[in-house]
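Asks: Take this structure, written in structure tokens, and hold onto it; I'll ask about it next.
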Amino acid sequence: MLNNVMWITDFYFKKRDTSHNKLHQSLYLKEIIMTNQSYSVAVVGLGAMGMGAAVSCVNAGLTTYGIDLNPTALEKLKAAGAKDVATNGDTFANQLNAVVLLVVNANQVKTVLFGENGLAAKLNKGTAVMVSSTISAQDAKEISQKLTGLGLVMLDAPVSGGAAKAAQGEMTVMASGSKEAFDKLQPVLDAVAGKVYNIGEEIGLGATVKIIHQLLAGVHIAAGAEAMALAAKAGIPLNLMYDVVTNAAGNSWMFENRMKHVVDGDYTPLSMVDIFVKDLGLVNDTAKSLHFPLHLASTAYSMFTEASNAGFGKEDDSAVIKIFNGIELPKKGAN
């Protein structure tokens, strides 16, 4: 990110003759920006996280391309300064240094890369592919093997932080892969991440860490929804309950972020119920493969599945609260 560049610049020049600081700083920044402009990256999947990552790449001076099936998303990224946008990478695949995938699941990753008119076969050998979707370790390994067979390099690099952090270029990245993969993707990581954790060289380790993280995220949302539902049943105003919890020991980031949607009666999806059906399914599959019981994750999975089956799958994940009967929830615009 440019902010990181500025910090490095300030550190580098703080002991230098101040009469030359501005000149040296200007030259240094120009060099960084020129270097970034020679680096081309395509972001595939321009949802809440993907759009934030793509715009962060633009803001960092990277030559940025966007791929999505949604014309509105493509127009938005183009307006933000992307070099080009398209529903596939046919016209610019051979110009790319890197590809970042932020699609919904492993099937979409595989379709984008290896399906009919797949992107992977069009990339130059040595191109780095950063797979940032939440997928299983086994899927990550299978994708890596296919990419390696095509002469490409993969970083298993799931992300977290939500749409706000993505837009700020401050996502948390939990990545595993070779030193070559990390090195080739450094400009992208600098652009999109506030923290990058190197989990190890083995593909699949990054995916596993993200899955464990999603256990916590899903359980926190489900527990928050249950608490707010109980408050509603007890006749406690939900805006008051929310205020108490967010200023007390029972608070969590997920409660504070997601239960605000409930208080506002706004279930416009930033992350959908169906995403947690998928992610908590991965959590339970991982535990099953290790013969390890997960009591809370199993319950949370059942709650999100019930919400999806009730027709709330495409709503914000906070809509899991709607599975509770006999309560009245705030309506949008009522507060």
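Quick reminder: no glycine exception, Cβ is built from N, Cα and C everywhere.
OK, TrEMBL features for this one:
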ACT_SITE  Lys210  active site
DOMAIN    41-200  domain '6-phosphogluconate dehydrogenase NADP-binding'
DOMAIN    204-323  domain '3-hydroxyisobutyrate dehydrogenase-like NAD-binding'
Asks: For the domain '3-hydroxyisobutyrate dehydrogenase-like NAD-binding' (204-323), what does DSSP give as the number of helix, strand and coil residues?
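Replies: The counts are 91 helix, 2 strand, 27 coil.
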Asks: Tell me the Cβ neighbour count for Lys210 (active site), meaning other Cβ atoms within 10 Å of its Cβ, over all protein chains shown.
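Replies: There are 28 of them.
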Asks: Could you please provide the mean pLDDT value for the domain '6-phosphogluconate dehydrogenase NADP-binding' (41-200)?
Replies: 98
